[in-house]
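Just below is one structure, and these are the notes that go with it.
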Amino acid sequence: MRECISVHVGQAGVQMGNACWELYCLEHGIQPDGQMPSDKTIGGGDDSFNTFFSETGAGKHVPRAIFVDLEPSVIDEVRTGTYRQLFHPEQLISGKEDAANNYARGHYTIGKEIIDQVLDRMRKLADQCTGLQGFLVFHSFGGGTGSGFTSLLMERLSVDYGKKSKLEFAIYPAPQVSTAVVEPYNSILTTHTTLEHSDCAFMVDNEAIYDICRRNLDIERPSYTNLNRLISQIVSSITASLRFDGALNVDLTEFQTNLVPYPRIHFPLATYAPVISAEKAYHEQLSVAEITNACFEPANQMVKCDPRHGKYMACCLLYRGDVVPKDVNAAIAAIKTKRSIQFVDWCPTGFKVGINYQPPTAVPGGDLAKVQRAVCMLSNTTAIAEAWARLDHKFDLMYAKRAFVHWYVGEGMEEGEFSEAREDMAALEKDYEEVGLDSYEGEEDEGEEY
């Protein structure tokens, strides 16, 4: 079996986790108490969903997941919520005082008190797996726990499970709306620390998702529940191939192989279609060509940046539902003829396709309509550098005045870490710039470098 362990860190991670596991349970027909009426083999069994759920002798299905937060309130909601019987109490780990939006607290002072307990629990989960494939880490960049504790955890996971893939789903600070003033600091510190430990990071920006909710689902004031349910559909599409049998299956390592041309350039852009409310879906039939085209609209992206300003390095299309390869090939051929989509010249083909026959599931009482087919596109494009540039600029404005830095230094960080992290980010921007250059332009100055 190719099991995956999900780790949900901090408030954002835990709330995304709630939405994801709610959806997984609906997709597999697992009840909130962990029973699965449709599953005839009690205990074990080699069903595809066992990648995400372990099965007890009593026929209960337990998520292979850990929820961690440095303060109890968010996890207490899981402990008392609808799915309280789904999780093992030891899978929900909470500390007593929070990281107060401070990376240094999450990474050094408070994080280190809880890290061993978390790793211990991870080890137990990993021992239950026959062929652990990797970890999915859900967190935000802006919070103290999401940034600081995640980077600490990733460092430790690299030591303990060096060869296993580690994928991140990260909430990236939105360009306009902000939940904390020090978001740019936390984001840049965490990106710098986790860059070498993460194999692939899918970024999601709240503002982009707010806009999608407003525009496509007609929700005037989207709540975090609305946002998370939309994110969970994307996560579900990405992991569907691990949990169901399909025509063209994609496994975790396969994402990396196809999406990450260079180890540092591992930030694919996620796009999902169709995002449509029940009222509208009733009146239109969305063809494969239509949903494929929708994926190339900047409006449907999960991060605010414009791929028309960048070049694509790789592109992964994950279809689910009533889709046949013939339609997909036609849709891709049509897209390749459009000139607005530019690939880097060293990557001519660039489309990887996964097809899964399980149609997308709609959460009852949710905003998304039940549709016959959906697609999630993961593309590695140089345009995402815009997002980094935006963040770096905010960091520079604050750091020039050394604003708020004393909070970090007071928790045992050194100021040098800030400048080191910032230099790393500058290097990352440069990497993206160089990857986008045409290969023949870069030939003449090759001689000097080596």
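For all residues, glycine too, the Cβ spot is worked out from N, Cα and C.
Together with Gln11, Glu71, Ser140, Gly144, Thr145, Thr179, Asn228, the GTP site in Swiss-Prot holds one more listed residue from Asn206, Asn258, Asn293, which is Asn206.
Per Swiss-Prot, the listed range annotated as motif 'MREC motif' is 1-4 (candidates: 1-4, 237-240, 265-268, 381-384).
Note: the CA-CA distance between Asn228 (GTP binding site) and Glu254 (active site) rounds to 26 Å. DSSP assigns Lys40 (N6-acetyllysine) to coil in the three-state reduction, placing it in neither a helix nor a strand. Of the residues the record lists as binding GTP, namely Gln11, Glu71, Ser140, Gly144, Thr145, Thr179, Asn206, Asn228, the two whose Cα atoms sit farthest apart are 22 Å from each other.
Distance from the CA of Lys40 (N6-acetyllysine) to the CA of Gln11 (GTP binding site) is 36 Å. DSSP classifies Asn228 (GTP binding site) as helix under the three-state reduction.
A 10 Å cutoff on Cβ-Cβ distances gives Thr145 (GTP binding site) a total of 34 other Cβ atoms nearby, all chains included.
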